[in-house]
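Engineer: Feature list, courtesy of TrEMBL:
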type	residues	note
DOMAIN	23-288	domain 'NADH:quinone oxidoreductase/Mrp antiporter transmembrane'
DOMAIN	290-343	domain 'NADH dehydrogenase subunit 2 C-terminal'
TRANSMEM	12-38	transmembrane segment
TRANSMEM	59-80	transmembrane segment
TRANSMEM	92-115	transmembrane segment
TRANSMEM	153-171	transmembrane segment
TRANSMEM	178-197	transmembrane segment
TRANSMEM	203-222	transmembrane segment
TRANSMEM	234-254	transmembrane segment
TRANSMEM	274-294	transmembrane segment
TRANSMEM	323-343	transmembrane segment
Amino acid sequence: MSPYAMSMLMSSLAMGTIITLSSSHWFLAWMGLEINTLAIIPLMTKMHHPRATESATKYFLTQATASALLLFSAAMNAWMTGEWTIVNMNSYIPTTILTIALAIKLGIAPFHPWLPDVLQGLDMMTCLILSTWQKLAPMALLILTSHQLNTSLLTLMALTSAIIGGWGALNQTQMRKIMAYSSIAHLGWMTLVISFAPGLALLNLTIYLMMTSSMFVMLMALNATNMNKLSISWLKTPTLAASMMTGLLSLGGLPPLSGFLPKWLILQEMTKHHLGALSAVMALSALLSLFFYLRLSYMISMTSPPNISNANLAWRKKNNLSLINPILIVLSTMLMPITPMLLM
């Protein structure tokens, strides 16, 4: 793709998200989401492959449906209340339609089936953008309207997302599909707490963005798209393989890594609201996710392919990592010391 076209598309992506984040009017927010959708579709189809075209088509249809539902809910709310402001959603039907529209945009279960299929047909850089940057605008709208949304519906979707996100990745071997189900599971945790403590949902989103970005950057550096390629990464780049193992355990939520911090605080918040049974089910669903993260960690660190080379030293890949990768790795694994500051 031409650098000029790429710069224009990336600028449009940034502009669409900024318009949505800075708007207080539903029409402006919808316009920002549409700019976002239209800007990423050429990035999806730059591979000139049938799978990429299929992914772009699926993404366009689901996002168009979600945008139509969002505009419909905003118009219905304006008809009932006479206002187009985002923070004034008081009617039951518009808020329910809005919740469904944002769930489709984010890929929250039961509106999740498009996400693994779309990610599987794209290259790693586009997957990174789709899993991180494209979550910002819908999640901002969800946080802005969280005090007016149906808590029971959000809790049901959160529980479904956490279970499906863990269950769906158990039999996957493709890294892009595994990261898609990981995204669904993390979105479930954010959706669960968003009605009770939007600040915690924002913290969870921030840590999720850092962990997912570092994971995709490491996958791009290793050129690993499935589990078999991960198993030979230790011979090529031992340091990066060790960092990836730590990042995977952080995604799984093991202490004392960064991924444990939001889960711990969310379960603490749920028990404060006397939702012990729900907290127990969410904690058990996290074990499903932890299983496939541990399986990937085992593949990276404790398995090695048969060595058919006569050389004594294994071949080492040239280190072409940028400065951003070590920073992301440190942030996605070592944020637990800031917990007392957050609790205060």
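Just so it is clear, glycine is given a Cβ too, placed from its N, Cα and C backbone atoms.
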Engineer: Do any residues of this chain, six or more beyond the ends of the transmembrane segment (178-197), have a C-beta under 8 angstroms from a C-beta of it, and if so which?
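Structural biologist: Residues 103, 106-109, 112, 115-116, 118-120, 127, 131, 135, 139, 142-143, 146-147, 149, 151, 154-155, 157-166, 168-169, 172, 204-205, 208, 212, 215-216, 251, 262-263, 266, 269-270, 273, 278, 282, 285-286, 289, 292, 296 contact the transmembrane segment (178-197) from elsewhere in the chain.
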Engineer: Are there at least 3 C-beta pairs under 8 angstroms linking the transmembrane segment (323-343) and the transmembrane segment (203-222), leaving out pairs fewer than 6 apart in sequence?
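Structural biologist: They are in contact.
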Engineer: Which range wins on Cβ pairs under 8 Å with the transmembrane segment (153-171): 12-38, 59-80, 274-294, 323-343?
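Structural biologist: Counting Cβ pairs under 8 Å, the winner is 274-294.
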Engineer: On average, what pLDDT score does this prediction assign to the domain 'NADH dehydrogenase subunit 2 C-terminal' (290-343)?
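Structural biologist: Taking every residue of the domain 'NADH dehydrogenase subunit 2 C-terminal' (290-343) together, the mean pLDDT is 73.
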